[in-house]
Amino acid sequence: MSKTNESLMQRRVAAVPRGVGQIHPIFVDTAKNSTVIDVEGRELIDFAGGIAVLNTGHLHPKVVAAVQEQLTKVSHTCFQVLAYEPYVELCEKINKLVPGDFDKKTLLVTTGSEAVENAVKIARAATGRAGVIAFTGGYHGRTMMTLGLTGKVVPYSAGMGLMPGGIFRALFPSELHGISVDDAIASVERIFKNDAEPRDIAAIILEPVQGEGGFLPAPKELMKRLRALCDQHGILLIADEVQTGAGRTGTFFAMEQMGVAPDLTTFAKSIAGGFPLAGVCGKAEYMDAIAPGGLGGTYAGSPIACAAALAVIEVFEEEKLLDRSKAVGERLTAGLREIQKKYPIIGDVRGLGSMIAVEVFEKGTHTPNAAAVGQVVAKAREKGLILLSCGTYGNVLRILVPLTAEDALLDKGLAIIEECFAEIA
């Protein structure tokens, strides 16, 4: 009996909890570079990239070869029991790639949420404090601490009761939405006045470009002023680069463009070309604050994932993917702005590097238009293009196409997006 998307969806509904959402009713059979083929043999352009995991594309040959070679040596020992060189070599490379003119060390884990959890643990141990300031619209994961840090309730923490204490929320600036950098800094200072003294705050955490929050880049001025506040009060600045890292913004880490260095940086997603790997890199003195046994995990920094990540870094160097990231972003932005001229419901086209978004409003207003975005996503799928939405109100289209995508494929995707807006306008 041949498999269909519908038959597999029936099995999925019966076997998998409904809390595991699924944006597209499609089951993938194979994938290569920037396209996927579903179980019914239909080819689709992938502008989602596994939610920012496939910057080097599906099954990059160099990554596949590195994993195959590692599989002939060792697949697992648990680094805390028997160590292996790929873990150490990768940490050495990450220490050089993360911005900051100071000695660094790196911890490898498995998921982005796990990386953020460990960054908070490290900050607490290093400062002897417990409080953390996060931002409206921020996304940091689905574990309990990271849910508390995440600035959106539905769907992530709805119905789960109170989140962990000691988390405080500041405003994230967006000129489009009427929140200035002054407003954001004032909201941090109000926390110091109304909720917790600075001496009780271990860390301030934010994304250099908000991901789920709508692809809103943090202004450089915000980062500089947060860095100054952290230095003034002995607070650690954590940059959550889970979605922005590994070249998505045109530099290997987005903080390279912000003019300041964070104390701790989290990374995951595209770092290992589709294999589960994440980590925290930071000042050596802070990374060493936790005693032996306080960090790690059974699968953390697996040999397979480390081999994949080392190959990813080589691919970036050999194929000049940072330059390509900028070029992809410029091409997408130019095309989307041409579409914007024709369809006034498109209120903004923005991004950093190739982390590009389109915000959609009700015509002639700044009222979020999630329905239109939902229509575009559905129509694009019918036409052979996979898109994602994001934003606090679900009214933002985001593009996370592999950096290895050819220009012709980018143009085809843009043409489909324009067709979709033409049909709903």
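Every residue, even glycine, has its Cβ placed from backbone N, Cα and C.
Marked as pyridoxal 5'-phosphate binding site by Swiss-Prot: Gly112, Ser113, Tyr139, Asp240, Glu241, Val242, Gln243, Thr298. Per Swiss-Prot, N6-(pyridoxal phosphate)lysine is recorded for Lys269, and the stated evidence type is similarity to another entry.
On the structure: features taken from Swiss-Prot.
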residue	record	DSSP (3 states)
Gly112	pyridoxal 5'-phosphate binding site	helix
Tyr139	pyridoxal 5'-phosphate binding site	coil
Asp240	pyridoxal 5'-phosphate binding site	strand
Lys269	N6-(pyridoxal phosphate)lysine	helix
Thr298	pyridoxal 5'-phosphate binding site	coil
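Proximity of Asp240 (pyridoxal 5'-phosphate binding site) to non-local residues of its own chain (separation of 6 or more, Cβ distance below 8 Å) is seen for Val116, Ala119, Gly138, His140, Ile205, Leu206, Glu207, Thr266, given in sequence order. Note: the CA-CA distance between Gln243 (pyridoxal 5'-phosphate binding site) and the residue listed as 'N6-(pyridoxal phosphate)lysine' rounds to 6 Å. When the binding-site residues Gly112, Ser113, Tyr139, Thr298 are screened for a C-alpha within 10 angstroms of the C-alpha of Lys269 (N6-(pyridoxal phosphate)lysine), the residues that qualify, in sequence order, are Gly112. Overall, the recorded pyridoxal 5'-phosphate-binding residues Gly112, Ser113, Tyr139, Asp240, Glu241, Val242, Gln243, Thr298 cover a maximum inter-Cα distance of 25 Å.
Of the listed binding-site residues, namely Ser113, Gln243, Thr298, the sparsest Cβ surroundings within 10 Å are found at Thr298. Here the Cβ of Val242 (pyridoxal 5'-phosphate binding site) has 27 other Cβ atoms within 10 Å, regardless of which shown protein chain they belong to. Contacts of Gly112 (pyridoxal 5'-phosphate binding site) defined by a Cβ separation under 8 A and a same-chain sequence distance of 6+ are given as His140, Gly141, Val242, Gln243, Thr266, Ala268, Lys269, Ala278, in order along the sequence.
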